């Protein structure tokens, strides 16, 4: 773990205690009642039932007994003026005395001025307080975040349905004192040092500010050597520029070191804290903190002469500033414990004031409004009708791309005016009944959340639309357009009862904020609108802008980019390796074991070892072999590397890059059962090791960046290898090769060599890829034996995103898989009935339940997969491949999942509804829970769970048998003609003319313990009562003999192709009885793959060709089948008395490719290719293994040319690495030996060539034919000519 943030937090704790102003709410008692002594005039409200201001202090019984409005609706509020800024820590409410009027829920607003209110928020959402249940009970709430304000407003949301709104209130807190300075945009405070240069190793700067401007410099300091520190507002965000002793970077051209905050130009107080220790910086704005390491070489910040607050004045030019100055107020401005504003107020000599800085905060009387609803919000303001021309202006801010801003019907029949935001662009449309509409388009990306000013002016046939001081006019001629101002101006939307042209709204209503509305050059008083004396409105918040940046913080995980509308946020997960509404779900599997379980074989894959955790995906090579699943991670230097000229003073060093972070590699290693790296070291006159206690001359470094002097095969901590302490490497060339397999030290990250600087000294090294096998977690399983048994783990922390995945199998009717509780929040997963899985969760807004119903029982003792997820956008539940159940998450209200109990797996805290069965591969937010280790120390729970084949046996194909392992299963392909991890890889070979493979059926051979299980079955005795024969073939030769089974001197079974390419099956059951079955639906000698199956059960025969039924036949009861003696593929070479038809086909035997040949449980071709030395197989002629092309070309290439189980990244160079590179005294002798060897090989080559030509000539005279190359897909099928001749075979049964 990085110690930097920890040290920094310690420093900041010390600094904050020394230099930051005390927090009154936490440092001493701050819960005094503040409203009880207020005069009646301090209270105001939206309306009052008594018609006058009713005091509404807590426990008041006189008069009206509290406050009630004239009408109980959502527009009512009760407000109090506390006389000055105070710190509010708690509130309390009652109903109106002696009545049935009370409020059941409400919200709070705060303000310094009585305008521009701010809603109280908690958990990043507008907080709703629970109210009363009767008129006299007191409901007290302590604020999680104390608020400093002068005005407090209570806004009833719900009230007693049998009564109306009624409130008595109290506010608790204490007085608040602060030092404030007001900057007018042309002023600043200069803090001048006592010396020319101020050099600091640690800095703490804290302040609060409020502004209505989105840009401006808050403070700046710089030094002549290039150091600088600057904090400035940029488009409503705070940018911090910090540089230490990096003269190449100048402030004027630099990018910010950090940017934080959003919408900071809202005229509300925002807090800033900058803490620096050397290069480590904590930058905090409000409650969000960003950690970063600054640029530069030094740890000290050197500032010359002064620090400037409020702007950057230009030296020698009074009143001139380098950048736009800050306009607004600052409060409690501290620099390294120095109160800057206090010094300025006391006119201390350290402070020089530029321009007009006052020490009270001037508040602009600007009233914003918020359009809340995209379908029903609108504001109606009156205008002066029939004026020749029109003038309207306002400011707006929004996140929505579309929305109506303004609509008005013009007077004198001059049409209608429509101003809207469409796809982030401003569009002004003036519609005329008799002329083409005039249109102006301007701006882009205006839904960026910033304030934009708009004004429309029409005078004397000239129309101008001005956006942010940039004027635009329509492209078409408007000289004939006359515009007269209208009577009513609708902002944001239209009432439901209006039709065109009174109010036009072709798109949705506007959602956002507006302010500074002018009509006919006159400002509109929006407070009068709120009081009902001006215009009309619907679904507005008046005197506050409730815009919220839903992308701060960014809840898009794993680097996903966030965008937003007014009501929600969206995540773009492109190029992250994750998917889902918040980029939480990994796109890739956790390990090669999972890919293998899905049926994949060898290939390059991305694996995400921690799932939805913080680590990204890593590309690896998955080599799925029959016994192990190897994961290989390549690095940037697996080739042999030679080293010369290295010494202890000038060592050679090479760092290895694996294409991923060290955390990713550690996750792969830690989750594997075994890992290794092959290390080879070759040397000549170069020492590898030193004395046992000495510093080694060569070493490698692992994950913890520690030196490791041990090499392949030696245990950690031992300086030992072939080039040992006897220094046998000094004068001869030798090497040390072996495997490093201590997981805690892997992977090798660097190699260092220091002893190749002497005469004729050289070394060479090669480090192979990181290779691991065994997934420790995918098969990590436990069995719960009783309903009272469970496992417990630490609390599941998943405030914003939670995903849970596991496999289960059970025969029980119901039971809880896992449960974790909080004070009110909880999360639970259970099988609630034999066919239902239920996911229940509560984050404080009430429980949400998702249920997936299966059409078949889930308590069938088979493995089933469950994945549940909850994020800020959606809650979902997936079971196996069934349709996913999901429900959108509310954007408002509580959204943090707060749990505090232990996590129970297999049961509940109440020890009821426990789970009976097995759970495995349990992951929570990517974290793997080691169930087996916990089960070892828990009664009633047993590690492991047998019975994987009952669920996954179907993954073994073509007669392969699923065999249980402690961790998973494997496919036994002994009785299958196929091989591979799933018995799907064909075993095939090319037969040339005369090639013969004969399998002899003898007495069963003893299966000794030295023979593998895969080879033992080839000795099994054939069963004469049935025959199951299968084979695939590709050929272009006819006639040809594919298969011949000899039972006696007269009985046989033969499969052959006739001259016309038809297929025949001959059954000779005695001298007199012969059955011939002919299939001539096509010419089968057509270079395409064909599949033949012959099945005989007793006397019933079935023949299938290319997966289609071709023949059914029943032999007579008199027929007798005899035991098989031998089976031949290709040419029959022994004298067995073939009949004439079979003899014709046998003249050449078979020329082509045979694949996946099976007779009952015998695989003769597989035995010949895999067990030729021990199987009863006789091979004559050339037999070459090759693919018959049963798979696609891409599959064949992927398996046979790209991947290799021994070295997937390239062919190893097995030559001695230094044989050609190192010159030695024996070079002359070696040269003589090489010449002699060359002469001998030349003579042998000439003799071989002569003999080969003679043999080839002899073969050509006997028969002319074409050979089959290894790649039958491309060469064999294109080079062999079909023979189309008239059939000369005898037929008895035709198809």
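Including glycine, each Cβ sits where the backbone N, Cα and C put it.
According to TrEMBL, the feature transmembrane segment maps to residues 1227-1252, out of the candidate ranges 1201-1226, 1227-1252. Sequence-distant contacts of the domain 'EGF-like' (946-984) (same chain, at least 6 residues past either end, Cβ-Cβ under 8 Å): 593, 596-597, 599, 601, 624-627, 629, 774, 778-779, 809, 861-863, 1013-1017, 1030, 1156-1158, 1161, 1163, 1165-1166, 1170.
When Cβ distances are compared across the two stretches, the domain 'Laminin G' (368-545) makes no contact with the domain 'Fibrinogen C-terminal' (583-635), since fewer than 3 pairs at least 6 residues apart fall below 8 angstroms.
With a cut-off of 8 Å between Cβ atoms, the residues of this chain six or more beyond the domain 'EGF-like' (547-584) that come close are 261-263, 266, 288, 370, 374, 397-401, 449, 511-513, 606, 608, 612, 614, 616-617, 800-801, 803, 869, 871-874, 891.
The number of other Cβ atoms within 10 Å of the Cβ belonging to residue 945 (disulfide bond), over all protein chains shown, comes to 22. Cβ contacts within 10 Å of residue 918 (disulfide bond), excluding its own Cβ and spanning all protein chains shown: 22. Helix, strand and coil counts from DSSP across the domain 'F5/8 type C' (30-174) read 3 helix, 70 strand, 72 coil.
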